Amino acid sequence: MNLAAMDPTTYDVQLETKRVKLTQLFADFDTPELETFSSEPAHYRMRAEFRVWHEGEDLYYYMFDKELNSKVRCDQFLPASELINKMMPALVELLKPNTILRHRLFQIDFLSTLSGEILVSLLYHKQLDSEWEQQAKILKQTLSTQFNVNLIGRARKQKIIFDKDFVVESLNVAGKQLQYHQIENSFTQPNGKVSVKMLEWAIDVTKNSTGDLLELYCGNGNFSIALAQNFDRVLATELAKPSVESAQYNIKVNQVENLQIIRMSAEDFTEAMAKKRSFRRLEGIDLDSYNCNTIFVDPPRAGLDADTVKLVQGYERIVYISCNPHTLLDNLAELSKTHKITRFALFDQFPYTDHMESGVFLEKR
């Protein structure tokens, strides 16, 4: 991470640089004007991870700066939420004099929400015993006088929870309050306010939809739940078990009755749809009964594999959220043969980095 680049006074310039770069990158495609969704210039990250440095009686957070090729002390961290920045000094001052809690502590992770919850994970190079548990309970009680906080201790093959290993985010999305169960150590969108803009964009591009929606790589149901209002039914796939469990929680708490989650990979689902293989996980689910005119994909950095690209081309409308514009380019080389890009967006999830989150909406030619 290049900590020196994180200067809010340069935010607009760096965003414009990304806008120009993304526009030029896709110049060979007939794209509409790029819609650009900005981030807050500071305090935008809902999660942060720090290594812990021990120096005599002192103890502090640090990160590794790749530009300086050295560790940098982080008493505060500008990109992290205000809640994380408030927690950082409060926590470290309680850890410093506590020989049990600080011993062999090597990392601290924070997961916060816009709605005011924070989860703190303490990671150790030692086994956690009853004495540690007693001190951790006291730490949690002390922090709870100032914060809506939960605490986790982690060591090799150990995970001790006080009292929850998740937070519940509450987001106002297009005038509707949505709640999202976000579990520790699993993927969630890091930039809460930009995540809302992404959800609202996806709702807008699919607002006149008919039939059903298929989503691949649905995670904790982030998009599926927001988009369910635009479709008769939603069928979504996700492989990671913790994410599927979070998605089921989110379906229930948001009272979404037209969304079905299947725990399987996009590649396996592609084979099932092509009737190349049958899967026990699909027993009782009649895939042929779904009338999916729209498909939503938010793949990992590697993008869509060739078979999934072929599957996606079979749908009238495609919503593609990409965390890697280069693999999106590769996929669009095929998708553009059958579909036309009618919406194109840049979401600045990660200010002051080269990372560009983008969205395209394609309709069959």
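Cβ from N, Cα, C; glycine included.
The annotation in Swiss-Prot ties Gln189, Tyr217, Asn222, Glu238 to S-adenosyl-L-methionine, and of the candidates under consideration, Asp129, Asp298, Asp305, Asp307, the one tied to the same site is Asp298. For Glu357 (active site, proton acceptor), the count of additional Cβ atoms within 10 Å of its Cβ stands at 23 [all protein chains shown]. Excluding Gln189, Tyr217, Asn222, Glu238, Asp298 themselves, the residues of that chain whose CB lies within 8 A of the CB mean position for the S-adenosyl-L-methionine site are, in sequence, Phe187, Glu215, Cys218, Gly219, Asn220, Gly221, Phe223, Ser243, Ile321. In this structure the C-alpha atoms belonging to Asn222 (S-adenosyl-L-methionine binding site) and Cys323 (active site, nucleophile) are separated by 15 Å. Classification of Gln189 (S-adenosyl-L-methionine binding site) by DSSP places it in coil, neither helical nor stranded.
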